[in-house]
Amino acid sequence: MDITAISLVLFGSTFGLIFRMFIQNNLKINIGFNIQNTSIVNFIASFFLGILLALNLTNNNLLLLFYIGFLGCFSTFSSFIYQLFVLLQKRKFMHLFFHYFEVIIISFICFYLGYYLMQIIK
């Protein structure tokens, strides 16, 4: 990797981290049940991923900046796994089951929405 590639990944990841921390610390959503902020971040990241995939980027610099840098640092798969582990330790198996499917299914729906919207706009 050259210095340009490293700089693009660092730049994208810096903004991904800032955006992630802002959402995790400041956004509270309650729609009858609490959605954890980590889940919200994953939904947004999935939506952005759908948009980026639909754009069919071929510029390597944009891929480094957005896919690897921004989304790589913004999305929180490890936090999602940790939340599942905590639910497992607390023996809250129903919560674990529903949280797992909530995140997977809603993340896929958000991804598809982003992808579909870009297909319409194109």
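Placed from the backbone N, Cα and C atoms, the Cβ positions cover glycine too.
As annotated by Swiss-Prot, transmembrane segment applies to 3-23 (among others), with the evidence given as sequence analysis.
Among residues of the same chain six or more beyond the transmembrane segment (38-58), those with a C-beta under 8 A of the stretch's C-beta atoms are 20, 23-24, 27, 29, 66-67, 70-71, 74-77, 79-80, 83, 99, 102-103, 106-108, 110-119, 122. The transmembrane segment annotation in Swiss-Prot covers 38-58 (among others).
Per Swiss-Prot, transmembrane segment is recorded for 62-82 (among others), and the stated evidence type is sequence analysis.
Every protein chain considered, the tally of other Cβ atoms within 10 Å of the Cβ of Ser75 (Na(+) binding site) stands at 21. According to Swiss-Prot, the Na(+) binding site annotation covers Gly72, Ser75.
Using a Cβ-Cβ cut-off under 8 Å and counting only residues 6 or more beyond its ends in the same chain, the transmembrane segment (93-113) has close neighbours at 35-36, 39, 42-47, 49-50, 53, 80, 83-84, 87. Summarising the annotation, Swiss-Prot assigns transmembrane segment to 93-113 (among others).
Mapped onto three states, the DSSP output places Ser75 (Na(+) binding site) in coil.
Neighbour count (other Cβ atoms within 10 Å of the Cβ, all protein chains): 15 for Gly72 (Na(+) binding site).
Nonlocal intrachain contacts for the transmembrane segment (62-82), taken as residues 6+ away from its ends with a CB within less than 8 angstroms of a stretch CB, comprise 5, 8-17, 19-20, 38-39, 41-42, 44-46, 48-49, 52, 103.
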